[in-house]
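Student: Feature table excerpt (TrEMBL):
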- 496-507: domain 'EGF-like' (DOMAIN)
- 513-533: transmembrane segment (TRANSMEM)
- 545-564: transmembrane segment (TRANSMEM)
- 580-601: transmembrane segment (TRANSMEM)
- 613-630: transmembrane segment (TRANSMEM)
- 636-657: transmembrane segment (TRANSMEM)
- 673-694: transmembrane segment (TRANSMEM)
- 700-719: transmembrane segment (TRANSMEM)
Amino acid sequence: GLFVTDYFTRTPRKLSPFRSFASIELFHFHIPEDTVIAVWNLITFKEQGGTFGDQCPDRSITVYFRSGAPSVINPLHTHFPRDTAVPGSFELTLTWTLPNRTTGVFNVTSPLPGDWFLAAHLPKDEGKISVKGLYEECQYLFQPQLIVQRLVNIAVLYPGHVIEQSMAPHNRSCLYKVFVPSYTSQVLVEVLRCRGAEGCPLWLRVRAKAPPLHNSTALDCREHAPCQLVLDLPFWQHWYYVLVEKHPGVLGTVSFQVTVQLTDCSRPSLARPPFLPSSASMNMPHSFGSAGGLALGDSLPTSPNGTKHLVSITSPSGERCWPIRPTLRNELDTFSVHFYIFFGPNVSVPPDRPAVFVINLLPVLDSGGVLNLELQLNVSSLCGENVTVFGCLNHEVPLTSGDNASVTCETEHLAGFLFSVNTTASLSRLRIPYPQTGSWYLSLRSLCATHHGFEPCTNVTAEVYLRAYLSPCINDCGMYGQCKLLRTNNYLYAACECKAGWNGWGCTDNAEAFSYGFQLLSTLLLCLSNVMFVPPVAIAVRSHYLLEAAVYIFTMFFSTFYHACDQPGIVVFCIMEYDVLQFCDFLGSLMSVWVTVIAMARLQPVVKQASAGRGRVLYLLGAMLLSMALQMDRHGLWNLLGPSLFALGIMAVAWTARTIRRRHCYPPTWKRWAFYLCPGAMIAAAAVLLYAFVETEENYFYIHSIWHLLIAGSVGFLLPPRAKPSRRLGPLPRRKGCGYQLCVNEQEELGLVDPAVASINSICTS
C-alpha cells in the first residue's frame with residue numbers, strides 16, 4: 001500500500017515534582033485513522049539560569065500514555081475512593097544518558113485512532129519552600145514529538161459482497177476494512193475459494209478500529225474449512241480491519257475471495273442487505289478514502305476479473321437486541337452535565353428482558369471529568385422476593401447476554417463495569433475518572449437469588465432509581481481538597497489538589513493526614529507568635545515613634561488573621577478575602593523593616609518632613625513603592641531585599657555623615673553596639689536564614705512561627721531610643737533698623753512661646 005508520514009510536535013514545558021494530578025504536564029495528540037505505526041520521540045533537557053544545566057542532578061521522568069482520555073495515575077500508591085474504577089495506561093520511565101539531555105522512544109504498532117494523551121512528571125521531592133530568585137533553579141523541560149505512518153486507499157469491504165484477490169509471490173498480506181453500524185450483533189468474515197501451492201496457507205486476522213496485530217483475533221485457514229471468523233457483539237459505529245496474510249515461507253501466488261456478513265439484531269429474521277439506497281441507512285461515513293471506494297448508493301464494486309458476486313445472508317435464530325432508551329443531556333457548567341432519562345428517573349426492570357440506556361459523552365469535552373452512576377433499588381416494589389438488579393456498563397456496545405441468568409459483564413473481547421443492588425445493599429455507585437468519550441451503554445437486569453444461584457424472576461418487575469451525571473472531581477474533592485480546572489492548550493480537565501496531609505485521587509486517603517489537634521496547634525503557633533510584636537509596639541510608643549508603632553500593630557493584626565485563613569485543614573478563620581489578607585500581611589512585613597531602618601537612620605527633620613503637619617516623605621514613598629512591588633510579584637526575592645537594602649543605604653549614609661561631622665563613631669557608645677545593635681542584627685540574620693534555607697512544607701508551622709518571634713524581637717533591639725531635645729540655642733543675628741539695635745527675645749524667634757506674652761529684653765539706642 002501507499003504510506004503517508006505525518007509529524008506532530010509540542011512546545012517544551014517545565015516539569016514539576018508530583019504532588020497530585022494538578023502538578024503533571026499533560027500533552028494532547030490526535031492519531032489519524034489507518035495508522036500502522038506511531039513513534040513518540042520524548043526529548044528531555046535541563047536548564048539553569050538560561051544555560052544548559054550540566055550541574056543539575058539527574059531526576060527520573062515518568063511518562064504515561066493513554067488512548068481516548070488522560071491517564072489515571074497513582075505514583076504514590078494512595079487509595080482511591082470507594083466505587084471508583086481505575087482504567088489502565090502505559091507507563092515509561094526516562095533515565096539520563098547525557099549530562100544535560102536525554103531522549104526516549106515509545107513505539108505503538110497499529111495504535112487506536114483518535115485522541116491520545118501523554119502525562120509527565122518528576123518524582124516527589126521533600127517539599128522545600130524556596131525564595132523566588134534566591135538562586136538559579138534547575139528546570140527540567142520535556143518535549144514530546146509524534147511521527148505517524150498511515151496507509152491510504154485501503155480497500156473497503158461491503159456487507160454481502162465478495163472480493164476476489166490474487167496475492168503475488170512478493171506480497172505477504174492484503175488489508176481491508178468494513179464499517180460496522182449500530183445494532184450489529186455479529187460480524188462474520190470468510191475466506192472462500194482459497195487456492196495455493198499448499199492448500200490454503202493463509203492467516204485471517206480481524207481487529208476493531210485499527211489494523212490487526214499478532215495477538216488480534218486470528219484463524220488459520222489451513223486448519224479450518226470453511227475459513228470463517230465470527231465476532232459477536234462488535235463495536236458499533238467503527239471500522240473493522242481484516243488482514244489476510246501468508247504463512248511464513250510460502251512461495252508462489254495465492255488466490256482467494258473475501259466476504260463479510262453483518263447480522264442486524266434489530267431485525268433478527270433479516271440480515272444486512274448487500275446494498276442500501278444510501279450510506280445514511282447504515283450510519284456509514286459517506287467518504288471511505290479507498291481506491292475503489294463507492295457510496296452504497298452506487299453500483300456494486302467489481303472483483304479484479306470484472307465479475308460481481310452476491311452472497312445470501314441468514315441471521316442465526318434467536319438473536320435479537322432490545323430497545324435502547326436515550327438520555328437527555330443537560331449542561332450546567334464545565335464538566336457538570338446531568339443525563340436525564342425520559343419518563344425517569346425511576347426505571348422499571350422487567351423480569352424477561354434487560355433495560356438498556358445510552359449515555360453519550362462528547363469527544364474531548366467530556367473526557368476530563370468524572371462519569372458518575374448511582375443505582376438505588378426500591379425495595380417496596382419487589383413484593384417480598386429476593387431480587388438482585390445487576391448493572392453492566394460498557395463502552396461503544398451494549399453487553400446483553402442471551403443467557404438471562406448470567407451475571408458476568410465481560411466477554412472474550414469486551415470488559416465492562418459490573419455493579420448490583422438488592423434488598424440488603426439497596427444503593428450502589430460507580431465512578432469512572434477521565435472516561436473515554438463516545439457512547440456508554442448501561443444494561444439493567446433483574447434476577448432472583450435461589451439455592452442454585454441466580455435464576456430469572458417470574459412476575460416481579462423491579463423499580464430502581466437511576467442517576468447519571470458528569471462532575472469535575474469525585475465528591476468535589478471532599479473537605480480536605482480543592483477541585484481545580486486545568487488547561488493544556490485547548491484541552492480542559494479537572495483534578496483534586498489535597499491539603500492537610502490528605503492524599504489520593506479524591507483526597508480520601510488519610511494515611512498521612514494531620515489530626516485535628518495538630519491543625520489547631522499549628523494555627524495557634526502561627527497566629528499567637530505575632531503577639532511578640534507587642535513589646536516593639538510598647539517600646540515604639542514609649543520612645544514617641546508613633547508611626548512605627550502603628551505599622552507594627554498593622555503587621556501584627558494582618559499577619560495573625562492571614563495565617564488563620566491560610567491553614568490547609570479545617571481550622572480556618574477568614575475575616576476578609578484571602579488575597580486581601582495576604583497582600584496586607586506582606587505589605588506590613590516589608591513596611592516594618594522599612595520604618596525600623598529609617599528610624600535607625602535618625603534623619604534630620606528637614607529631610608524627614610516635607611513641611612510641618614505633613615507626612616514623612618520617605619515613609620510615604622516607601623509605602624507606595626512597596627505596594628507597587630507586591631502587586632507585580634508578591635513572592636519575589638527583591639521585594640524583600642530591594643527596600644531593605646535601600647533603607648540600609650540611607651541609614652549608612654546618615655550614620656557616615658554624623659561620624660564625619662562629629663569625628664567620632666556613630667552611634668557613639670559601645671553599650672549601644674554591644675547590647676542592642678549587634679544582638680538585633682544577629683537575630684534578624686538568623687530569621688532570614690531560617691526563612692530562606694530551612695523552611696519546608698513539613699516544618700512550616702513552627703519554623704515560620706520562629707521567624708515571627710525573631711523578626712519581632714530584632715525590632716525591639718534595633719529601634720533607637722527616644723531622641724533628647726537639645727537645650728542649646730544658637731545666637732540669632734541682630735537686626736538693625738532706623739538707627740536702633742533691636743534686642744528680640746530668642747524664644748519668640750524660634751516659635752517656642754506665644755508671641756503675645758513674649759517680652760522684649762531691651763531696646764538699645766545706637
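For all residues, glycine too, the Cβ spot is worked out from N, Cα and C.
On a predicted model such as this, the values are computed, not experimentally measured, just so you know.
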Student: By DSSP assignment, list the helix, strand and coil residue numbers for the domain 'EGF-like' (496-507), in that order.
Tutor: 0 helix, 4 strand, 8 coil
Student: On average, what pLDDT score does this prediction assign to the domain 'EGF-like' (496-507)?
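Tutor: That region's mean pLDDT is 91.
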Student: I'd like to know if the transmembrane segment (636-657) touches the transmembrane segment (513-533) in this structure, counting it as a touch only when three or more C-beta pairs sit under 8 Å and are separated by 6 or more positions.
Tutor: no
Student: Give the nonlocal contacts of the transmembrane segment (636-657) in its own chain as ranges (CB under 8 Å, at least six residues past its ends).
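Tutor: Here the qualifying positions are 131-134, 586, 590, 593-594, 597-598, 600-603, 618, 622, 625-626, 629-630, 666-667.
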Student: What residues in the same chain, six or more past the boundaries of the domain 'EGF-like' (496-507), come closer than 8 Å to it by Cβ-Cβ distance?
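Tutor: Distant Cβ neighbours of the domain 'EGF-like' (496-507) are 19-22, 72, 74, 76, 78-81, 84, 433, 473-475, 477-478, 480-484, 513-514, 519, 568-570.
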